[in-house]
Amino acid sequence: MESKNRRPSESRSIIDSACSKRYVIAIMGFIGIANAYAMRSVLSVAITEMVEDIHRTAIDPNGCPGPLKTANTTNPNAEFDWSETLQGHILGAFYYGYVFAQIPGGILAQKYGGKHVFGVGIFLTAVLTLLTPIAARIGPAYMIGVRVLEGVGEGPTIPAMNALLAQWVPIGERSRIGSFVFAGNMIGTIVAQSSAGYLLKITDDNWPLVFYVCGVVGLIWYVFWNLLVYSSPNEHPTITDYELAYLERNLKGVNKNKNTLKSTPWMSMLSSGPMWGLMIGQIAHDWALFMINADLPKYMKSVMKFSIAETGVWSSMPHVLMWVFAILTGWLSDYLISNGKLGILQQRRLFSTIACIGPMLGTLAASYAGCDKIKVVVLFTIGMATMGFFYSSMKVNVMDLSPNYAGPAMAMVNGVGAVAGIVSPPLIGYLIPNNTLLEWRNVFWISGGVVIVANSIYLVLASASIQWWNDPVPTSETDDGDTDL
């Protein structure tokens, strides 16, 4: 374990302020989340060139014009003859492991600290990403197995990051720093999809290369993570006395001595209305996000007839604007709350609703926009951009409810939400056997219904007050209750 000894005293300086350790944690966490999502989502672009075009003679009467394929002209080097249903199972296999690892990951993060659980999870995923081409060539069952194991590796990362941020981020900075860190998923998706398309173009569809690049980057990040990150301020050997004192004053609801924490109150969490609201609300977000991450590249290529390079670039565009919105809305949230414009609960509800309705309207509008490629990309991009409101609302709501058990609580929330990742890819594969525009439009209508219902339940059950089960030992302190204004 890292040394707990710090320098006896350090004067505050401009450099100390600019290089606050919590900001180092945030930056490294952002890059780590980006790596995780890059390794997770790179397959969604690569698979379009790995698999033979099994619909090369099919004509969609409502589809966009493109070259009639009488042979496998999409990629002469495609190696696999996988059906749409099998591709859906391969893309969704990740989430079987992901869901399974949530609760164990939350428990481990609570016991050993967020640093180690998060870091090891990314390391294991990086190794498995490097092995993906081998598994694919052995057979689809091995490919599914590797994807399940990748999910096991990444499963603990979000609970571990929540546990880490709960120890480092004051409540007044929670929306801003939390949205910045978790917005790494968009940057990871952007980089993975755009760079994968570019690499496939310049290397004549050398699809294994995209997995090797992502895996190596993940391993390099892991080295720096171990050197720079600590699970709590008290463990950091070079934190300034000024920053440590500041954090001790402003970390609301966090117990500094983990030895006094009782066992994780699982039954209390399961009987908590706000926790159920979060778990069901997470389904709304994850359903929309996983659909875009896994299947938008296929829509761009099969329906809109983009080239592979265009597919990678345009599929990543919604994530670019989503990332911008996530950062801006994080600042906006802290401003509105700090200046009394909105109560915390009002902000969480309002922003989560925007993050729900916007993507639904954008994807539906895009499916009715015909073959105007620019209009379709703009509608997808604007619709998904509004999902950036999620990261300063529902995503940080777990820390509002329980700073002490943020890891296990997020494991429950993220695990239930990730069920959408298990269900949606195979369901979409079943609904689009011919990859036609009308089939995809039905997918978007069904997804919109799921998102609206789940978010409505969140609105009814949501809270922003520290819950009674957060207290590790009996205490006379009570929550001031004004957060649910």
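Placed from the backbone N, Cα and C atoms, the Cβ positions cover glycine too.
Lifted from TrEMBL, the feature list:
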type	residues	note
DOMAIN	24-466	domain 'Major facilitator superfamily (MFS) profile'
TRANSMEM	21-39	transmembrane segment
TRANSMEM	90-109	transmembrane segment
TRANSMEM	116-136	transmembrane segment
TRANSMEM	177-200	transmembrane segment
TRANSMEM	207-225	transmembrane segment
TRANSMEM	275-296	transmembrane segment
TRANSMEM	317-338	transmembrane segment
TRANSMEM	350-369	transmembrane segment
TRANSMEM	376-394	transmembrane segment
TRANSMEM	406-432	transmembrane segment
TRANSMEM	444-469	transmembrane segment
Counting Cβ pairs closer than 8 Å, which of 116-136, 177-200, 207-225, 376-394, 406-432 has the most of them with the transmembrane segment (90-109)?
406-432
Can you tell me which recorded stretch out of 116-136, 207-225, 317-338, 406-432, 444-469 has the most Cβ pairs within less than 8 Å of the transmembrane segment (275-296)?
444-469
Given pairs 6 or more apart, does the transmembrane segment (116-136) have at least three Cβ pairs under 8 Å with the transmembrane segment (406-432)?
no
So if I exclude everything within five residues of the ends of the transmembrane segment (376-394), which remaining residues of that chain have a CB under 8 angstroms from its CBs? That is, six or more out.
175-176, 178-179, 182-183, 186, 278, 281-282, 285, 288-289, 292, 296, 304, 314, 317-330, 332-334, 347-352, 354-355, 357-363, 365-366, 369, 458
If I take every residue in the domain 'Major facilitator superfamily (MFS) profile' (24-466) and average their pLDDT values, what number comes out?
84
